[in-house]
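Visitor: This is the structure, below, for whatever I ask next.
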Amino acid sequence: MLPFPAMNLKKSRSENSSVASSGSKIEEQTEKSAEPTTIKVQKKAGTPGRSIDVFAVQCEKCMKWRKIDTQDEYEDIRSRVQEDPFFCKTKEGVSCEDVGDLNYDSSRTWVIDKPGLPRTPRGFKRSLILRKDYSKMDAYYITPTGKKLKSRNEIAAFIDANQDYKYALLGDFNFTVPKVMEETVPSGILSDRTPKPSRKVTID
């Protein structure tokens, strides 16, 4: 079984208090987990969504989750995990005999990333934001100049206008987003998302 890249989100305090035994869901942060990696999401003041602040990868052999220190390292593992599987021993001083760094449970909100996605071009940053209703994540790229780009058309236009970044290949910008694992979403959020039955008026 291929290990998946994933992300983890924590809950805000208010969410923690409203969701029983939700553990570390959004607690102002969220951790990730996925097949090869996991990500943690943190709610930032003034930000309408939640962003990832923890990355993790699952060992191909023992299936334990290992935290990944940086987004760059995480993206490197994710980009080649299909040809070069991740094992606990990949991390210096770690083996399958050691206790896992994270447990896949509802104490955190997990999002599963897609293996094989390309690394973000040098100088740019890929950002993921979790929607307030936890339905999905949105992806965008931040340029070296601090501009936020939300589509490949915007990226192409930026590179055309800024030839210093022509080294960045358009194919290395990917807007595929991780899958939010619904069983790890706070129950209070799920109930809020449940559509209410419509009231039909019958006219005799």
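Sequential numbering from 1, following the chain as shown.
Cβ from N, Cα, C; glycine included.
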Visitor: Would you please say which range out of 58-96, 97-135 has the annotation motif 'MBD-associated domain (MAD)' in Swiss-Prot?
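Guide: Range annotated as motif 'MBD-associated domain (MAD)' by Swiss-Prot: 58-96.
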Visitor: Going by DSSP assignments with H, G and I as helix and E and B as strand, what are the residue counts for the domain 'MBD' (110-180)?
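Guide: Tallied per class, the domain 'MBD' (110-180) gives 16 helix, 19 strand, 36 coil.
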Visitor: Going by DSSP, give the three-state secondary structure for Cys59 (Zn(2+) binding site).
Guide: coil
Visitor: Find, for the listed binding-site residues Cys88, Cys96, the residue with the lowest Cβ contact count at a 10 Å cut-off, counting only other Cβ atoms.
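Guide: Among the binding-site residues Cys88, Cys96, the sparsest Cβ neighbourhood within 10 Å belongs to Cys96.
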Visitor: State the mean pLDDT for the motif 'MBD-associated domain (MAD)' (58-96).
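Guide: Per the prediction, mean pLDDT sits at 96 for the motif 'MBD-associated domain (MAD)' (58-96).
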Visitor: Please state whether DSSP places Cys88 (Zn(2+) binding site) in a helix, a strand or coil.
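Guide: Assignment for Cys88 (Zn(2+) binding site) reads helix.
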Visitor: I'd like to know which of these binding-site residues, Cys59, Cys62, is least surrounded, judged by other CB atoms within 10 A.
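Guide: With the binding-site residues Cys59, Cys62, fewest surrounding Cβ atoms within 10 Å: Cys62.
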